[in-house]
Structure formats: C-alpha cells, structure tokens
C-alpha cells in the first residue's frame with residue numbers, strides 16, 4: 001500500500017498558494033481564496049493496468065519518472081468505495097477464467113452517492129459467455145452490498161450490463177444537485193473540491209444582471225449550479241455523451257432557464273461574430289440573450305486567441321483553469337480590458353504539482 005505524506009499536506013498546499021500568488025502578481029490579483037482537499041480518499045475515479053503473473057493478477061501503475069511498474073492493492077488517494085471494490089473484485093474475477101483472460105485494464109468511477117462503475121478492458125472480442133460470467137460477477141458484487149454497473153470494453157466493442165452512467169448527488173450551499181456521470185466522459189475527479197468550486201462560482205456571480213454564456217460546459221457541472229443567479233443561461237459542449245448527460249441533469253434539477261447547444265467554442269465564436277450560420281443554432285435566436293457574463297473552463301491549452309477576443313466583449317468573466325501557465329498567457333490579454341476582482345486556488349490534486357484555479361474578472365471602466 002502506498003503511504004501518503006499526510007503530515008506534509010498543509011506545507012504542500014502553502015507552496016502551491018505561494019506559486020500561484022507569484023504567477024498572478026503581475027496582473028494585480030487580490031489575495032487568493034484557498035480551498036483545501038481531503039487529505040486521503042478524495043479521488044472519485046482511478047484507472048489501473050492489470051499485470052498477469054502465472055495464475056495471479058493484480059492492479060499496477062507505472063512510476064512516472066522511472067517507468068517501473070509497481071503493484072497496487074490499495075490506493076489511498078482514491079475514494080473509500082474504490083478501495084473496497086478493488087479488494088472485493090479481484091477474488092471474484094479469479095472465479096471466472098473468461099473474465100480474466102486478456103484483461104489488461106480496470107477503470108473505476110465512484111460517486112459521493114455511493115454508486116460505482118467498473119469498466120473491464122480487454123485485448124479480445126467479448127462474447128455471450130463473457131456476458132453470462134459478467135452478469136454473475138455483478139450479482140455477486142450486489143450481494144456484497146455494492147451499487148455497481150459493469151461495463152466490458154474491447155476493440156470497437158462496449159457492453160453495458162445495464163447502463164453506462166451513475167447519478168451523483170453533490171451538496172452545494174444547502175442544496176443537493178443531481179449530476180449524471182457517463183463512463184469514459186470527463187467528470188471532476190475530486191468531488192468535495194468540486195463542491196467548493198461551485199460554491200465559489202455561485203458567490204462570485206451573486207446579484208448578476210442579465211444572462212450567462214458558458215463555453216465547454218461538459219455535463220452542466222457549473223451551468224446548472226449557476227443558473228439560479230441569472231435570467232437565462234446558454235451553454236456549449238462538443239462531446240455527445242456530455243450533452244446527453246447535461247440534458248438529463250437540467251431536467252433532474254428542474255432548471256428551466258438553461259439551454260445547451262452541441263458545438264465547439266470556436267464554431268460558437270464564429271456564430272456570435274456572424275461569420276456564418278450553423279444548423280445547430282436553428283430555433284435559437286442569439287439576440288434573445290443579453291449575456292453580459294461569460295464562464296470558461298477550457299482544456300489545459302487555455303483559450304485560443306479568437307475565443308479570448310470573444311470573451312473580452314463581456315462585462316464579467318469567470319475563468320476556471322486547470323493550467324495556471326496558460327491562464328497567465330490568457331490574462332496578459334484579458335487584463336488589458338478587465339481587472340481581477342477575485343482569485344482562488346482549488347486543491348483538486350493533492351500531493352501533485354497540478355493547480356486548479358479560478359479568476360473573476362470585471363471590465364475596467366473607461
């Protein structure tokens with residue numbers, strides 16, 4: 001079992017705080033709001049390769065520096081539920097040769113609502129015999145008290161024993177939000193820190209006037225929680241499974257002022273600028289929206305220059321970043337027109353150098 005340096009957690013977080021403070025200093029950022037993580041069992045998903053050794057097999061990971069493999073029986077950064085499943089699953093898999101033969105990876109996705117998806121990945125075609133054994137495995141796990149979905153994956157094959165999603169329930173500001181999370185789609189890995197991010201975003205946008213535009217909305221994680229602060233919300237997302245999950249989440253949370261369209265941020269920028277018309281915007285009149293606030297949560301590469309220019313047209317910008325270096329590149333442009341009103345560090349990834357951050361920008365008065 002790996003041991004976490006829990007006694008060093010506060011010092012490691014303070015280092016990140018200092019680093020991010022230094023990075024944001026050229027942009028006249030106010031002091032950071034800092035949101036700590038749980039010190040163990042904070043990660044809601046995990047992926048392991050499977051190593052076969054004679055009649056035995058076990059979870060492994062690879063050391064990023066040495067590339068050496070090491071055995072994992074327990075994984076203290078992963079949720080308690082994932083650790084319980086890791087212990088329960090392997091002995092049951094060993095009872096079914098068809099389930100272990102050419103199995104090379106196991107992915108786990110768990111929720112605070114105590115549900116879990118187990119994805120078994122194979123270098124072989126999955127057949128009826130596999131399905132029967134997997135069904136038996138699922139029943140054995142249910143008998144042990146797990147609320148579990150089993151998925152088999154192989155080349156150009158995906159077999160769901162029931163469904164490929166779990167419904168998460170997140171407590172945010174004395175409310176509970178339901179979020180459908182689809183296997184193999186992006187979800188925030190640290191659920192408790194995600195709740196803190198949502199609460200910070202709600203606080204930033206409190207008493208907002210007008211409407212909100214969100215680019216890269218995923219399963220609606222932010223837009224659903226923020227809808228309460230706006231007259232209307234328009235959100236874009238490119239991944240089909242995420243859009244479907246977002247539509248479910250809108251209905252499940254009884255949100256009636258949020259509309260999601262499936263298109264890239266780049267295409268949406270062209271539509272907003274009137275460069276060309278898009279079929280996907282049929283039935284949506286962009287003129288109906290008075291979006292004076294924009295929310296962006298871009299990939300690690302940050303915003304491309306065309307999107308930066310689009311974003312600068314808005315009175316208020318809420319920017320969540322998973323890469324402080326590309327955030328700072330974008331801020332070199334954004335702070336020409338906007339000032340940083342609030343900034344935050346969210347420790348999504350304890351014991352690593354990764355920093356999740358947020359800035360709330362307000363347009364400078366001329």
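Yeah, the Cβs are placed from backbone N, Cα and C, and that goes for glycine too.
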- Task: Name the one residue among 176, 181, 188, 332 that Swiss-Prot lists for the same S-adenosyl-L-methionine site as 216, 221, 237, 297.
- Result: 188
- Message: Around the S-adenosyl-L-methionine site formed by 188, 216, 221, 237, 297, list the extra residues of the same chain whose Cβ is within 8 Å of the site's Cβ centroid.
- Response: 186, 214, 217, 218, 219, 220, 222, 242
- Task: Out of the recorded positions 216, 297, 356, give me the one sitting nearest to residue 322 (active site, nucleophile) by CA distance.
- Result: 356
- DSSP-derived class (H/G/I helix, E/B strand, else coil) of residue 221 (S-adenosyl-L-methionine binding site): helix
- Message: Sequence gap of 6 or more, Cβ distance under 8 Å: name the residues on the same chain that satisfy this around residue 221 (S-adenosyl-L-methionine binding site), in order along the sequence.
- Response: 179, 187, 188, 194, 198
